[in-house]
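What TrEMBL records for this protein:
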- 61-224: domain 'tRNA(Ile)-lysidine/2-thiocytidine synthase N-terminal' (DOMAIN)
- 64, 65, 66, 70, 96, 174, 179: ATP binding site (BINDING)
- 295-325: domain 'Cytoplasmic tRNA 2-thiolation protein 1 C-terminal' (DOMAIN)
- 336-360: region 'Disordered' (REGION)
């Protein structure tokens, strides 16, 4: 990598032909200077926003902020583009505190610094307040296996609950091209073809509480984050303040294996990531494929294709001491599990929490 850096540094930028090249873009393999990299990186994201009509003037936009590299770069770039191109947006940072000691508490300190650095108001919602449980407590009960199922379901709802508190019109997340390619691959590996048309959409949840947008849909992770042997990225050049430690509870997450496979493909063929996304976009769902009908959860009112949403089912299991109740492809609750949680003895009661109640 050092040798590649020297080669790039010995050539002129292929875009401006004035300054020395500072890096080779992972997506295009162009050798460009730092200043041109800033420009093309930000302009590509601007074009994605404009071409897909992601925002309207005067909208309130929540930025999902974890303190990590993607969300930190997203907050910075979006605030810059909003000012430069006069989008007319009111921007807010929204963070979720899952209750993971030594990880989320540290990353939230980064988000609090970003609040000051970018001048964006910050709202933090927590699993403890919304659900009565922290991830530390959940992992203590269920162990490391399947804990990501709980966290993924709870986090999605928590973001929607926080977005509702902020009264935002849309929520933007830092999902990049690598993330979307991984999701396409995971849905194929799981046989969940019905989700393919949704996972590649740049805007999702338009039939739910709050639409979600992904301005980084075509942005490579390598151009966002600092890699151990390649320091020539946007976050590095801009000296952005972000938290880089991975979640301590997800070292063996299934997605991690898909991520490594995608990286191997990218090393052999840089366009592989965009091609996988294009394949997901072009999949046509058979008319015989039954798509779930969206309704609302009878317990908490959240969007759900079943009588109870996944979060309520998981909480039911936790509070009854049956943490595996909602794991897997369960199609709902049997009669015994439909009884009110208040009838169970010696367990936490979610009445009053209502699976993400806004009253906290």
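Positions of Cβ are set from backbone N, Cα and C atoms, glycine also.
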So how many other Cβ atoms are close to residue 174 (ATP binding site), meaning within 10 Å of its Cβ? 24
The DSSP breakdown of the domain 'Cytoplasmic tRNA 2-thiolation protein 1 C-terminal' (295-325) into helix, strand and coil residues is 10 helix, 4 strand, 17 coil
Under 8 Å by Cβ from residue 96 (ATP binding site), same chain, sequence gap 6 or more: 64, 66, 124, 125, 126, 127, 155, 158, 159, 162
What count of other C-beta atoms do you get within 10 angstroms of the C-beta of residue 65 (ATP binding site), across all chains shown? 30
Students should find that the Cβ of residue 64 (ATP binding site) has, within 10 Å, a number of other Cβ atoms equal to 22
Restricting to the chain of residue 70 (ATP binding site) and a gap of 6 or more, list residues whose Cβ falls under 8 Å of its Cβ, or answer none. 174, 175, 176, 179, 216, 221, 224, 225
Binding residues 64, 65, 66, 70, 96, 174, 179 (ATP) - maximum C-alpha distance in whole Å: 19
Looking only at Cβ atoms, how many others are within 10 Å of the one on residue 66 (ATP binding site)? 23
